[in-house]
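Visitor: So Swiss-Prot lists these for the protein:
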ACT_SITE  CYS43  active site, nucleophile
ACT_SITE  CYS43  active site, redox-active
BINDING   8-33, 267-277, TYR419  FAD binding site
BINDING   THR15, GLN19, ARG22, SER39, ASN42, LYS71, HIS299, LYS427  substrate binding site
BINDING   151-166  NADP(+) binding site
Amino acid sequence: MNKIVVVGAVAGGATVASQIRRLDQESEIVVFEKDRDMSFANCALPYYLGNVVDSRNKVLEATPESFYEAKNIVVKPCHKVTSINDTENTITVYDRIQDTYFETHYDTLILSPGCSANSLNLDSPIAFTLRNMEDTDAIETFIKENQVKNALVVGTGYIGLEILDNLYERGISPTLIHRSTHINKLMDQDMNQAILDEMDKRDIHYRFNEEISKVVGNAVHFESGKVENYDLIIEGVGVKPNSEFIKNSNVTLDDKGYIPVNDQFQTNIPNIYALGDIITSHYRHVDLNAHVPLAWGAHRGASVIAEQLAGDHKIHFKGYLGSNIVKFFDYTFASVGVSPKELSNFDYAMVEANQGEHAGYYPGNTKLHLRVYFDKTNRRIIRAAAVGMKGVDKRIDVLSMAMMHKLTIDELVEFEVAYAPPYSRPKDIINMIGYKARNK
């Protein structure tokens, strides 16, 4: 019997196993997960800690038992793959519960081990990272048992911003620090001013160019010389790929430890595939490699791999657009396309508009700031970013579709808006971007 082994059982691994079973009722499918829990909604973790998601069961989407019963897929949690022998088509697995190692064979191997949270190595019982359900349960238990009143959040990526927002809404007073002034790096830095405004409005303290030197009890010592007491520290300081077990195999890794894949999500070894946060691929709209560790790519990868294994070789991955979005209190920040740093690869022009999200006379109108970058040579859109209280997601999604179909900046004047006063304006902000681009 054909045996498919999957490494990792969260977004990428659980989804690809499920998609394969949908098309293939015969193959044996075994999934190894190094952690305790499978198929949890990791994007929900900050919202669960903020009591926005009101039940732990809503975060856990499946268990090994329910997965096997529904799909005839074996999931083995607390089983860490430690090495790959791609010559013999075997892997070595460490069973954390039994404290034993064993080898198992595969015909097809699919790698979705994800990433681990970077740690500041503070050696403190009040310091936590947030990456999985075990982290989440530990933080939730700590908050309840210690009646946490205040918290220090380190880092201004999505985890840092979302956990700060949710701790505040839970009634815990947060302070934010970051090691530089460069925050929320997927956004243009001047468009992040609303992050500072939202914290100022709520008297939330924040400091940039600040780092922790040590923690003694509840006393946090900073590089600036300040010493402040906190009940809880949550670190959101980036991630690293879980690729140590791959390094002694023939599977190619890039210089950061990620796995390059082709448009079928194959590695350089034909019967080994990879998906999720562990991979690098390419952008759809421009000729650049891309690492986009977000949920959409993992789910798209799962579908492509399943179709490939089922024999439909017409299905290929056309690339990322990098659409991303985050809520921070009353504001939404979103972008699509290359990162601000990657813009240096292009001869580009930029056009922006800052106007009411819907008709000015209709109540509740708020400002929406939209910025679009385009290639001067072919006038195709290469990046867009938006910030506002309403309508951000709609505009970024429209621009994502425009980029998917390689529309030029000038064609945005032809975008036909679904207009009524509560929703937009007769000349939407996307139309205005197109009109303004005529002068560029």
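Backbone N, Cα and C define each Cβ position, glycine as well.
How buried are these features, and what lies next to them?
Guide: Under the three-state DSSP scheme, CYS43 (active site, nucleophile) falls in the helix class.
Around the Cβ of CYS43 (active site, nucleophile), the same chain contributes ALA295, each under 8 angstroms and 6 or more positions distant in sequence.
With a cut-off of 8 Å between CB atoms and residues at least 6 apart in sequence, the same chain places MET1, ASN2, LYS3, ILE4, VAL74 near GLU28 (FAD binding site), listed in sequence order.
Under 8 Å, Cβ to Cβ, and six or more positions away along its own chain, LYS71 (substrate binding site) finds ALA17, SER18, ARG21.
The DSSP secondary structure for ALA151 (NADP(+) binding site) is strand. All chains included, 24 other C-beta atoms sit within 10 angstroms of the C-beta of ALA151 (NADP(+) binding site).
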Visitor: Please report the DSSP secondary structure of ILE163 (NADP(+) binding site), reduced to three states.
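Guide: DSSP call for ILE163 (NADP(+) binding site): helix.
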Visitor: Whole-number Å distance between the CA of ASP165 (NADP(+) binding site) and the CA of LEU23 (FAD binding site)?
Guide: 41
Visitor: What count of other C-beta atoms do you get within 10 angstroms of the C-beta of LYS427 (substrate binding site), across all chains shown?
Guide: 14
Visitor: Of LEU23, GLY155, GLY157, ASN271, GLY276, which is closest to LYS427 (substrate binding site) if I measure between C-alpha atoms? They're all binding-site residues.
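Guide: For LYS427 (substrate binding site), the closest Cα among LEU23, GLY155, GLY157, ASN271, GLY276 is found at GLY157.
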Visitor: Whole-number answer please: how many Å between the C-alpha atoms of ASN271 (FAD binding site) and ASN42 (substrate binding site)?
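Guide: One finds 28 Å between the Cα atoms of these residues.
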